[in-house]
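> So Swiss-Prot has the following annotated:
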COMPBIAS  137-153  compositional bias 'Basic and acidic residues'
CARBOHYD  Ser70  O-linked glycosylation site
MOD_RES   Phe8  N-methylphenylalanine
MOD_RES   Ser75  phosphoserine
MOD_RES   Ser75  O-(2-cholinephosphoryl)serine
MOD_RES   Ser75  O-(2-aminoethylphosphoryl)serine
MOD_RES   Ser101  O-(sn-1-glycerophosphoryl)serine
TRANSMEM  8-28  transmembrane segment
Amino acid sequence: MNTLQKGFTLIELMIVIAIVGILAAVALPAYQDYTARAQVSEAILLAEGQKSAVTEYYLNHGKWPENNTSAGVASPPSDIKGKYVKEVEVKNGVVTATMLSSGVNNEIKGKKLSLWARRENGSVKWFCGQPVTRTDDDTVADAKDGKEIDTKHLPSTCRDNFDAK
């Protein structure tokens, strides 16, 4: 006697569930990295908005601005903020963006990135990367304090070392 089979067998369903689980295991980390990179891009965008004011101050005064007020940008630094960015601070000509400690990807909570410039052949050349501090008009030093954004979350245009030239 022939019976008509309808639906899927238990083995077929288990195989499909296993495949979906494997795909999710691969896709989830990629999605997490994508969201972190998107959130970091907001920090870069806000920090880059301060470059022209810092450059103008340097070209007019021959030294880097000490803080947000002298650079002519919003002060206190917490006035420059975004959905994922806590503040953007100008300190001795280094523009540092700090991510929020909640509401952002876990891997970038409270982390920082910096934009800094050097005088080069009569113009000002900007760099972007991990947090730095300016030691004098021409030198910056690595400011590693455990608050660096993992390089994989930085765009390729923002991976300069503190000693970049």
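Cβ atoms are placed via backbone N, Cα and C, with glycine included.
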> Determine the most Cβ-crowded residue among the recorded positions Ser70, Ser75, Ser101, using a 10 Å radius around each Cβ and all protein chains in the structure.
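Neighbour-count leader: Ser70.
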> What does the structure give for the C-alpha distance between Ser101 (O-(sn-1-glycerophosphoryl)serine) and Ser75 (phosphoserine)? Integer Å is fine.
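Each residue's Cα considered, Ser101 (O-(sn-1-glycerophosphoryl)serine) and Ser75 (phosphoserine) end up 21 Å apart.
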> By DSSP, how many residues in the compositional bias 'Basic and acidic residues' (137-153) are helix, how many strand, and how many coil?
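Here the numbers are 3 helix, 5 strand, 9 coil.
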> Using the alpha carbons only, what distance in Å do you get between the residue listed as 'O-linked glycosylation site' and the residue listed as 'N-methylphenylalanine' once rounded?
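Cα of the residue listed as 'O-linked glycosylation site' to Cα of the residue listed as 'N-methylphenylalanine' measures 71 Å after rounding.
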> Can you see whether DSSP assigns the residue listed as 'O-linked glycosylation site' to helix, strand or coil?
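DSSP assigns the residue listed as 'O-linked glycosylation site' to helix.
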> Around the C-beta of the residue listed as 'N-methylphenylalanine', how many further C-beta atoms are within 10 angstroms, looking at every protein chain?
11
> Whole-number Å distance between the CA of the residue listed as 'N-methylphenylalanine' and the CA of the residue listed as 'phosphoserine'?
65
